[in-house]
Amino acid sequence: MNTGVTEPAPAKVNLYLHVTGCRTDGYHTLDSLVVFAGIGDTVQAAPAGTLSLAITGPEAGSLAAEPDNLVLRAARGLAAAAGREAAATLRLTKRLPVASGIGGGSADAAAALRALGALWGTRTDDATALALGADVPACLACQPVRMSGIGEVLGPVPPIPKLGIVLANPRLALPTPAVFARRSGPFSPPAALAPRWPDLASFVQDLGALRNDLEAPAMALCPPIAEVLSALRALPGCLLARMSGSGATCFGLFATPAAAAAAARLLPAIWWHWGGGVFDAPVRAPQA
Ligand code: C5P
């Protein structure tokens, strides 16, 4: 019996995010260094005669298995591109808060594309991935990437020194379009990064000179983000704290996953939070 395919959907973390311009269709061009954290959702796909989705896990309550759920849209998009019927039993285990700047929906869609690609023996083309969301191509790659365009241009990054990450969210959902709409002022140039980072100190120094251009507009819409950033900066061993994506999740960088895990335990229990290392489990290639 084919019990199906299980794919991780780790949290996406934008270590910096420069908004470099705005296209005529309203989408913004970005320059961002994206890594993935060792926590995430999980998507399982198994053979079936029809398409269905069941959602479980600690954050399942905030999400309905409705037709426009990104996992179902990914299944339909992949099936349409492959010219086959969208038939599979999908299970989503939801651990990441929704609308929180760590790519939960995009990561789930990407994991569904990988799982169904393996199940159906088909590959995801770039247009199918991008049509599901600007972060889906990076989440499909599921490894450190430098993202540009509106998210569809992925470039390599030098090896990232071993580090620990704390994620903290004030339990307030923040819609991405509202944050982009609130952004104002001149656009940023792409970042000037060192060709390689010999150690964590040089990496953090490089990042420290950069920023997330969506932090100020997100904070205007969601003032508790400032408290989250202050709390992260006050944690013992925090090297740098910043918001990820369009928020409201913020991250802190630490020298080791153990230091991050210990520090995360000091954050207020009412916030969603996690501490550990970067995602480093093997991921199925997007091409089946
Ligand atoms: O592609 P996605 O569905 O994630 O984008 C949601 C919204 O966020 C877009 O409709 C747009 O308003 C904004 N956005 C943007 N530029 C990007 C990504 C998203 O303006 N690169």
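Along the chain as shown, residues are numbered 1 onward.
Placed from the backbone N, Cα and C atoms, the Cβ positions cover glycine too.
Quick caveat, the model's predicted, so the values are computed rather than measured.
Under the three-state DSSP scheme, Lys12 (active site) falls in the strand class. Note on Lys12 (active site): other Cβ atoms within 10 Å of its Cβ, all shown chains, come to 29. Per TrEMBL, active site is recorded for Lys12 (among others).
Sequence-distant contacts of Asp135 (active site), defined as residues of its own chain at least six apart whose C-beta falls under 8 angstroms from its C-beta, comprise Lys12, Gly103, Ser106, Ala107, Gly151, Gly245. Under DSSP, Asp135 (active site) is assigned to coil, being neither helix nor strand in the three-state scheme. Annotation comment: TrEMBL describes Asp135 (among others) as active site.
When secondary structure is read from DSSP and collapsed to three states, Pro97 (ATP binding site) falls in the coil class. Applying an 8 A CB threshold to same-chain residues 6+ apart, the list for Pro97 (ATP binding site) reads Glu59, Ser62, Gly104, Asn169, Arg171, Ala173, Thr249, Trp272. TrEMBL lists Pro97, Val98, Ala99, Ser100, Gly101, Ile102, Gly103, Gly104, Gly105, Ser106, Ala107 with the feature ATP binding site.
For 69-138, the entry in TrEMBL reads domain 'GHMP kinase N-terminal'.
The annotation domain 'GHMP kinase C-terminal' is assigned in TrEMBL to 199-265.
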Quiz item: Out of Gly101, Gly103, Gly105, which of the binding-site residues has the smallest number of neighbouring Cβ atoms within 10 Å?
Solution: Gly105
Quiz item: How many helix, strand and coil residues does the domain 'GHMP kinase C-terminal' (199-265) contain under DSSP?
Solution: 35 helix, 10 strand, 22 coil
Quiz item: Hey, which of the binding-site residues Ala99, Ala107 is the loneliest by Cβ count within 10 Å?
Solution: Ala99
